[in-house]
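Accompanying notes for the structure given below.
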């Protein structure tokens with residue numbers, strides 16, 4: 001069995017996978033409000049469990065998870081868990097998932113300056129598991145690793161080169177675990193070897209990015225040094241003129257940290273629509289012809305379309321355009337609006353297919369479409385499980 005952990009500052013999402021025959025999750029859970037007034041909940045065999053517990057820290061939360069797995073006889077002993085895979089947001093220039101050694105843990109620590117909101121929580125969880133399960137192999141799967149194949153011309157910024165040499169200022173990109181899963185799944189769907197696969201993948205969730213996949217590898221992506229760059233998102237601005245920060249700081253007598261917080265937490269769909277960070281709520285107002293909601297949706301769609309056209313220019317041929325993540329998988333209206341904006345590629349959507357229910361993936365383009373368009377449900381936890389399994393064998 002493989003335990004997959006995604007640790008946040010006050011929560012731990014986890015899945016337990018049975019890997020004996022196929023790779024299937026047998027338990028899906030969440031430890032929430034760690035350090036506040038915590039509780040643990042999970043689902044196993046269609047039965048839901050919830051346990052109130054103070055959960056003073058991450059170690060206590062992981063101990064409770066393991067205790068409940070034993071109590072409920074989901075596992076008979078801890079050694080049945082062969083490996084633990086962790087989602088780590090930032091790995092700097094680490095290019096692949098890695099067994100967690102002291103050296104790898106040190107590199108994750110070094111990347112805290114690049115992901116101060118995310119990496120510390122992963123480090124705490126890793127140290128807790130190391131203490132509670134000292135004989136179990138641990139693997140770190142990095143959201144940045146997949147994009148380490150980008151050429152220098154795509155990852156360097158047009159700033160003094162010493163900023164890269166001294167401070168690591170470059171494009172890293174994110175959502176890499178999701179992109180890796182989508183590349184593998186697309187290879188299977190299209191019956192084409194990964195190394196021959198050219199895709200444009202739109203990972204549209206509350207956080208959103210696009211990746212240009214050339215010969216099965218990341219060639220360019222929209223997020224940058226941090227997840228703030230690129231597309232307009234739920235609460236993030238995406239790309240803006242950086243001088244806006246200095247201008248607003250002077251106008252409002254506000255420090256740069258507060259401005260960055262606003263760009264991360266109060267911008268994007270929420271900032272422009274003044275309705276919500278949730279695309280479903282914004283689309284409700286869009287249907288009612290609310291002016292700000294209409295502008296927000298049109299802006300969102302336009303930016304995604306612009307990136308698709310930009311990335312199409314990198315590729316000699318495109319095997320598919322793929323939509324994934326919360327909005328990409330579920331918002332048929334957004335998929336349709338984006339494809340209509342990409343006039344150069346002649347993406348033709350079949351409305352019946354686009355609106356049809358599906359479980360895993362579906363083709364949403366019509367026979368007239370120059371390029372096939374798919375909606376594919378991503379599965380980052382399964383990807384982490386597979387990477388963990390491959391590394392600990």
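Heads up, the Cβ atoms here are built off N, Cα and C, so glycines get one too.
As the structure is a computational prediction, the values presented were derived from the model and not from experiment.
What Swiss-Prot records for this protein:
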| type | residues | note |
| --- | --- | --- |
| BINDING | 6, 380 | Mg(2+) binding site |
| BINDING | 13, 203, 204, 205, 206, 207, 278, 279, 280, 326, 327, 328, 329, 330 | ATP binding site |
| BINDING | 87 | substrate binding site |
| ACT_SITE | 143 | active site, proton donor/acceptor |
| SITE | 175 | site 'Transition state stabilizer' |
| SITE | 236 | site 'Transition state stabilizer' |
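Location within the structure of each feature annotated in Swiss-Prot.
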| residue | record | Cβ neighbours (10 Å) |
| --- | --- | --- |
| 6 | Mg(2+) binding site | 23 |
| 13 | ATP binding site | 16 |
| 87 | substrate binding site | 22 |
| 143 | active site, proton donor/acceptor | 25 |
| 236 | site 'Transition state stabilizer' | 26 |
| 278 | ATP binding site | 16 |
| 280 | ATP binding site | 11 |
| 327 | ATP binding site | 26 |
| 329 | ATP binding site | 20 |
| 380 | Mg(2+) binding site | 21 |
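The C-beta environment of residue 175 (site 'Transition state stabilizer'), restricted to residues of the same chain at least 6 apart in sequence and closer than 8 Å, consists of 143, 203, 207, 209, 211, 221, 223, 325. In this structure, residue 278 (ATP binding site) belongs to neither helix nor strand by DSSP; it is coil. Mapped onto three states, the DSSP output places residue 204 (ATP binding site) in strand. Residues 13, 203, 204, 205, 206, 207, 278, 279, 280, 326, 327, 328, 329, 330 are listed as the ATP binders, and the farthest two of them sit 24 Å apart at their Cα atoms.
Cα separation, residue 327 (ATP binding site) to residue 236 (site 'Transition state stabilizer'), rounded: 15 Å. Separation of the C-alpha atoms of residue 329 (ATP binding site) and residue 380 (Mg(2+) binding site): 14 Å, rounded to the nearest whole number.
Taken residue by residue with DSSP, the residue listed as 'active site, proton donor/acceptor' is part of neither helix nor strand, so it is coil. In terms of Cα distance, none of the binding-site residues chosen from 206, 278, 280 sits within 10 Å of residue 6 (Mg(2+) binding site). Among the recorded positions 87, 236, 380, no residue is found with its Cα located within 10 Å of the Cα of residue 204 (ATP binding site). If you take the CA of residue 206 (ATP binding site) and look 10 A around it, the recorded positions you hit from 87, 236, 380 are 236. Secondary structure at residue 6 (Mg(2+) binding site), taken from DSSP and collapsed to helix, strand or coil, is strand.
Among the binding-site residues 204, 206, the residue whose Cβ has the fewest other Cβ atoms within 10 Å is 206.
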